[in-house]
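The GTP binding site annotation in Swiss-Prot covers 12-18, 40-42, Arg307, 333-335, 415-417. The Mg(2+) binding site feature in Swiss-Prot is assigned to Asp13, Gly40. Swiss-Prot lists Asp13, Glu14, Gly15, Lys16, Asn38, Ala39, Gly40, His41, Thr132, Arg146, Gln226, Thr241, Arg305 with the feature IMP binding site, giving sequence analysis as the kind of evidence. If you look up Swiss-Prot, you'll see Asp13 marked as active site, proton acceptor, on the strength of sequence analysis. Here Swiss-Prot flags His41 as active site, proton donor. Annotated substrate binding site per Swiss-Prot: Thr301, Val302, Thr303, Gly304, Arg305, Lys306, Arg307, in sequence order.
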Amino acid sequence: MTNVVVVGSQWGDEGKGKIVDWLSERADIVVRFQGGHNAGHTLVIDGTSYKLSLLPSGVVRPGKMAVIGNGVVVDPHALIAEIEKLSAQGVTITPDNLRIADNATLILSLHRELDAMREDAASNSGTKIGTTRRGIGPAYEDKVGRRAIRVMDLADLDSLPGKVDRILTHHNALRRGLGVAEVSHQTIMDELTSVAERVLPFRDTVWLFLDKERRKGARILFEGAQGSLLDIDHGTYPFVTSSNTVAGQAAAGSGMGPGSLGYILGITKAYTTRVGEGPFPTELTDEIGQFLGEKGHEFGTVTGRKRRCGWFDAALVRQSVATNGITGIALTKLDVLDGLEELKICVGYMLDGEQIDHLPASQGAQARVEPIYVTLEGWKESTVGARSWADLPAQAIKYVRQVEELIGAPVALLSTSPERDDTILVTDPFED
């Protein structure tokens, strides 16, 4: 028996929600360890769709404990709204099935406002990142700057005013520079005190809770948000998110030691998508790209933004296998490729006349790379709902094997539709 860390191996939107839900039946605890409510996923259970963006996937399954770790930035208003929305769908959420790290950073209204102001200014200069404008980045900045308001601070009204003064000293200086009205001390105090009673019942010393449960033999599933190529260090900087999204963050963002993380499962889409700005070597702007977007329903769960689509990039996923220490992958949306006469897989790049096997870190070099492809024959038969290798066309199996060989990691799970049971299990990560 082992614990499992689930990470996206591309630019997010790989189908982590379904896989995490599928694995959560085998887990006792599901932990979010980074990001905020900027990355959403949809779970389909018995025909009912649940849209989550902050809460761990395990929260919709009875008998599971959901944990929001210290690596997550928590918007208390978004948290309350998501709890209320799920409650209206019949999901019970109490401290018996949800814990929030007392040292997790809070997202405030001033973070959202700063995020939007920066994006607007960057749009005018052509340098926008394409954030969700939800305050994620500014909240992480305050965390690193040691001026953040944390969950535990809601319980200490004696020291809270001084902490509000500290964060406002920074933000009001920024707002003056941007020509925007300053935020009053009372506005932030009112904002925090209005949510305290709703948030504080869920707070816990998460690292201690997880350590005790681990020692009792609990199976723990760590749920990553976004994808490895959006990692603040290892992604396509500066077009990245504001946190570490690789598997190592599961330890830092939960307080559990890295030796206890276990199996690293990389969720990998059978083609490539990206939301927002940034390099995308295999992007298709032709009818095939449109086909992938329409058939794959490539629109963001949180923002509704249309995703850019392209061929599978084995060079990029190979990079993610290395930076995450991926044990095996879950290959998703294979069924979207049904009907294409031929398929291409990127195996490397040409850069200034030289062949390279990885995407360079330099923004300028990333813009100049040209993908090198291998071409495979497609298949006409449907793979939708396949639950065994015998259900797959020969060419689909060949495609999967080619992916495994090129990225240097085996397929542990294969997903053939949004339905959780339409999954081919090769290796159970919890039993590895």
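Including glycine, each Cβ sits where the backbone N, Cα and C put it.
Features as recorded by Swiss-Prot, highlighted on the structure.
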| residue | record | DSSP class |
| --- | --- | --- |
| Gly12 | GTP binding site | coil |
| Lys18 | GTP binding site | helix |
| Asn38 | IMP binding site | coil |
| Gln226 | IMP binding site | coil |
| Arg305 | IMP binding site | coil |
| Leu334 | GTP binding site | helix |
Which same-chain residues, if any, lie at least 6 apart from Arg305 (IMP binding site) yet have Cβ under 8 Å of it: Val275, Gly276, Phe299
Close binding-site residues near Asp13 (Mg(2+) binding site), where close means Cα within 10 Å, chosen from Thr132, Lys306, Leu334, Thr416: none
Binding-site residues (Asn38, Thr42, Thr132), the one with most neighbouring Cβ atoms at 10 Å: Asn38
For IMP, whose listed binding residues are Asp13, Glu14, Gly15, Lys16, Asn38, Ala39, Gly40, His41, Thr132, Arg146, Gln226, Thr241, Arg305, the greatest C-alpha pairwise distance in Å: 34
Shortest C-alpha distance to Gly15 (GTP binding site) - which of the recorded positions Asn38, Gly40, His41, Lys306: His41
Greatest C-beta neighbour count within 10 angstroms, which of the binding-site residues Gly12, Gly15, Gly304: Gly12
Other CB atoms, at most 10 A from the CB of Gly40 (Mg(2+) binding site): 19
Same chain, 6+ residues apart, C-beta under 8 Å of the C-beta of Lys18 (GTP binding site), given in sequence order: His41, Leu43, Val44, Thr332, Ser415, Pro418, Arg420
